[in-house]
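Written below as structure tokens is the structure these notes are about.
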């Protein structure tokens, strides 16, 4: 399903500028995050100094409002930066998984075709052996030896085809194992990212509770 979505012509046109757009947004979010950190440190120190100096209430409230806005910008830019990186990683893993599934389907089709060809060659080999046994009594020894040599060549050819089929089947099994491992890695990374998100959400709630106190 994700592969069909990513194959939409609009995405293919945007893919050319995707890396540039991603880096641009990352730089912008980092700048906003650093600016928010600077503002929080600035107004936190001013907030403490004004509180100690016992200035008038309006000035104190104004500084507190500035501190609240800077903290809000810090949380927004930080979460946006984190979620943007998560989105980038998720899209990359989904794309790789879709390509792996497509490759596995193609290899499975190739293995089925090779297996069918091997069955045909084995049936033909059986027919040749039957023909050889029927003509062995009516032909001379030289003719029998020539037919036997031909049959040996056919058997060697069938063995080579069977070996190719076996190699293709092993390759397909390896591809299936790799896709399963990649899917498990994607699941573990997604769980890890969700745990980090829950931890950041808990930190944000704790910070808001402390601010309300």
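Numbers run from 1 along the shown chain.
Just so it is clear, glycine is given a Cβ too, placed from its N, Cα and C backbone atoms.
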In TrEMBL, which of 103-128, 129-154, 155-180 is labelled region 'Disordered'? 129-154
Out of 74-91, 182-199, which range is noted as transmembrane segment by TrEMBL? 74-91
For the domain 'Bap31/Bap29 cytoplasmic coiled-coil' (153-212), the DSSP helix/strand/coil residue counts are 60 helix, 0 strand, 0 coil
Per-region confidence, the domain 'Bap31/Bap29 cytoplasmic coiled-coil' (153-212) (mean pLDDT, whole number): 81
